[in-house]
Amino acid sequence: MLFSRSGHSIFPLLPPYAAHAPTTNQGHIITMPPDGLTPYLGLRARLSQVWINRWTILLLLVLVRVLMAASGLQADMGTAKREALSACSSVESMGSSMASMPHYLSQGVNELTASGVETAVSGLKSMLMLTVTGVEELVLFIIKVLYQTYLCLFTLAVRGSVHVAVGVIKDAADFLNSTVKEVGDDIGKVVSTFEDGFNKFLDSVNSVASVFGGSVPTLDLNSSISTLENLQLPSSIDKGLDKLNNSLPTFDEVNNFTQTVLRTPFEEVKKLVNQSLGTYTFDRSLLPIPAKEQLKFCEGNDGIDSFFDNVGDLVMTARKIFIAVLILAAVLACIPMAWQEIRRWRSMKERSQLVRKEAHDPMDIVYIVSRPYTAAAGIKAASRFSNSRRQILVRWAIAYATTPAALFVLCLGIAGLFSCLCQYLLLHAVEKTVPELSTQVGAFADKVVDKLENASAAWANDANGVIGHMNQDLNQNVFGWVNTSTTALNDTLNTFVDKTTGVLNETFGGTILYEPLMDVFGCLIGLKVAGIQKGLTWVHDHAHIDFPLLPNDTFSRGAAASIASNNSDASDSFLADAGDQTSNKITEVVIRVVDKVEEGIRMETIISTAILLLWVFIALVGIVRALTLFWMRDRSRGEGGGAPSTSHHTSDAGGFDDVPLTAIPNPSAHSAPAPRYEATISTVVASRAIPTSNSFQHQDEKMGFAGERQYGSALKVDGAPDLRGSAYVEYGVEKH
């Protein structure tokens, strides 16, 4: 497109610029129409549309999205409230069932307890019978071993001694009997001879005595000698030893006595055990059955209602805050945008003067005027390079990444992420209130557990009372007999010792064997009996039974453990279903809503990030393309580069010059090299751009001739020198 001359307008209904200008202005470009009207927007018109700047609109769109999210969250919370109240009713019903569990479980537990007691008592009976029989036979065996051993010992000692003594006495008696008779015979013979002589002597004496009237007695020893001849040791001299030998005790009486006395208490115990425990049956009616429980914690409890009301108030407060903040931000965004618009307007006015100057690339001038900020950013970034080609490539890459379409994508992605941030803040505020609901529901669970604990404790106390009474009864009626039997057995052992001692005393009392036999008895039997009595005393002291008592938390332990703070698995709670994320169904409803909103925010964040990455991709495309050409050198005409720029200055009679607004060079034009920018504005000399036909034309047009143009005669501002020695022009900035 070319600026037409003043006499011919391309829009018939609109007068051309300078239509009212005097003839003295012919040959010069008039920047403003005489009446001040322009077809483009002035500063005030531009400022009138500041309120619809992109950031205000984006903030308003973010506000709309946040309000939609808040409304959706309120609707979801309303649904969650209804579901929570329904779940509360379910929890209440389930809690009542849980609290009534002792009523149903106690029957089975009572039967289990009674069966366990009956089985234990039956086993106790068998154990007692076997134990009593075993102890009975063991005691009898030990006592029999003891006294039979003792009997063998002193029978050997006593009978051996008696046999020796009786033999000695018999030999002595036979020797004395035979010797005394022979002595008597010999004495009788001697005495008979002596008596005959003596009698003869007496006869002589008697004859003389008769003269005097008397007589002398005669000597007669026959009777005495006859007695001496018939003298023998009495046969009763060994009758005592024979009697002692024949009267040695065999302890048959002791054995019979001991058998009778020892077996009696054992047999009595067996009889009593059979009578008492033969068909033992536990009285199940003594075990209690707790009553049913009916819990009411949903009616009259505003915990759930207050929670959701608080959440609703929180959402409404958040909506008001977002409305106030975002609207204020949208309004405040108009201030910098207005200032930016003013600066843009001033920059456009300043840079519009470049159009009237001789420019190497009019399209660059149009770009700088129409996009002052992005062009300024490109110029500032390009100023770091001294090579004109690289400066142009840097500016081109920035221009590629900051096109209106690219900036729209960038702003859309940023606005989406900001919207997600606002929604996240709203969701985070709601999430912080969830523990309050968990506390309310935890109170429900505590009520259920308290009911269970009370019912379980009452049942356990009553059941333990029955078990304790049974323990006392068994200890008195069964183990009381054991204690009695051990006492009787100790008494029997004492009687056994006394009876044995009496027999020994009767048999060997007053003899030299008594003391040794008593010492042997004490060593062999007395010490063993004392040991048995010590064992029986221990049995007497420890013979009792204690059945284990039922714990108070029999029915409540599992429920209490499921809601304990150290339970890491939330689904273990009796208020939750398997696989739930929380410990109760009421909180699960709220968590489900939060997860739904969170998933939506996550999806929007992903979409916004994808849009932002799309802009990054666009920017990378420009950067990669610029880098591709960055290290390529300028091509000369012989290598396919463009022809040197020439000028062909023409002017019509009206004093207007055709200023080409295309970036395509015209190598056939006859134009002089572009002069430096001058401070005064007099004329505009331009070259008509006619496309060239070369193999790089299409590529150059796509890239804006980046790296393919001849910038040796690039524009300089008002003839100021370039500090880096670059032929590249920096518009609006002078280098000093």
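Just so you know, glycine gets a Cβ as well, placed from its N, Cα and C.
According to Swiss-Prot, the topological domain 'Extracellular' annotation covers 1-54 (among others), on the basis of similarity to another entry.
Among the features that Swiss-Prot reports, transmembrane segment is placed at 55-75 (among others).
Per-residue confidence over the topological domain 'Cytoplasmic' (76-137) averages 77 (mean pLDDT, predicted model). Sequence annotations record features per position, and here Swiss-Prot assigns topological domain 'Cytoplasmic' to 76-137 (among others).
Swiss-Prot lists 138-158 (among others) with the feature transmembrane segment, giving sequence analysis as the kind of evidence.
Among the features that Swiss-Prot reports, topological domain 'Extracellular' is placed at 159-320 (among others), with the record citing similarity to another entry.
Per Swiss-Prot, the feature N-linked glycosylation site maps to N177 (among others); the stated evidence is sequence analysis.
Among the features that Swiss-Prot reports, N-linked glycosylation site is placed at N222 (among others).
Residues or ranges marked as N-linked glycosylation site in Swiss-Prot: N245 (among others).
Under the three-state DSSP scheme, N256 (N-linked glycosylation site) falls in the helix class. Neighbour list (N256 (N-linked glycosylation site), Cβ cut-off 8 Å, at least 6 residues apart, same chain): empty. Summarising the annotation, Swiss-Prot assigns N-linked glycosylation site to N256 (among others) and lists sequence analysis as the type of evidence.
Under the heading N-linked glycosylation site, Swiss-Prot lists N274 (among others). In this structure, N274 (N-linked glycosylation site) is part of a helix by DSSP.
Annotation comment: Swiss-Prot describes 321-341 (among others) as transmembrane segment.
Under the heading topological domain 'Cytoplasmic', Swiss-Prot lists 342-397 (among others).
What Swiss-Prot records for 398-418 (among others) is transmembrane segment.
As annotated by Swiss-Prot, topological domain 'Extracellular' applies to 419-603 (among others).
The annotation N-linked glycosylation site is assigned in Swiss-Prot to N454 (among others) on the grounds of sequence analysis. In this chain, no residue six or more apart from N454 (N-linked glycosylation site) has a CB-CB distance below 8 Å.
Look at Swiss-Prot and you will find N483 (among others) tagged as N-linked glycosylation site.
When other Cβ atoms within 10 Å of the Cβ of N490 (N-linked glycosylation site) are tallied across all protein chains shown, the result is 17. N274 (N-linked glycosylation site) is 23 Å away from N490 (N-linked glycosylation site) when you measure Cα to Cα. Secondary structure of the topological domain 'Cytoplasmic' (76-137) per DSSP, as helix, strand and coil residue counts: 61 helix, 0 strand, 1 coil.
Within 10 Å of the C-beta atom of N274 (N-linked glycosylation site) sit 13 other C-beta atoms, taking all shown protein chains into account.
With Cβ pairs under 8 Å as the measure, the transmembrane segment (398-418) is packed most heavily against 604-624, out of 55-75, 321-341, 604-624. When each of the glycosylation sites N505, N552 is scored by how many other Cβ atoms sit within 10 Å of its Cβ, N505 comes out lowest. For the transmembrane segment (55-75), same-chain residues at least 6 beyond its ends with a Cβ under 8 Å from one of its own Cβ atoms are 312, 315-316, 318-319, 322-323, 326-327, 329-331, 333-334, 337, 411-412, 414-415, 418-419, 422-423, 426-427, 430, 593, 597, 600. Listed as Cβ neighbours of the transmembrane segment (321-341) (distance under 8 Å, sequence separation of 6 or more from its ends, same chain) are residues 43, 46-47, 50-51, 53, 55-56, 59-60, 62-63, 66-67, 70, 373, 422, 426.
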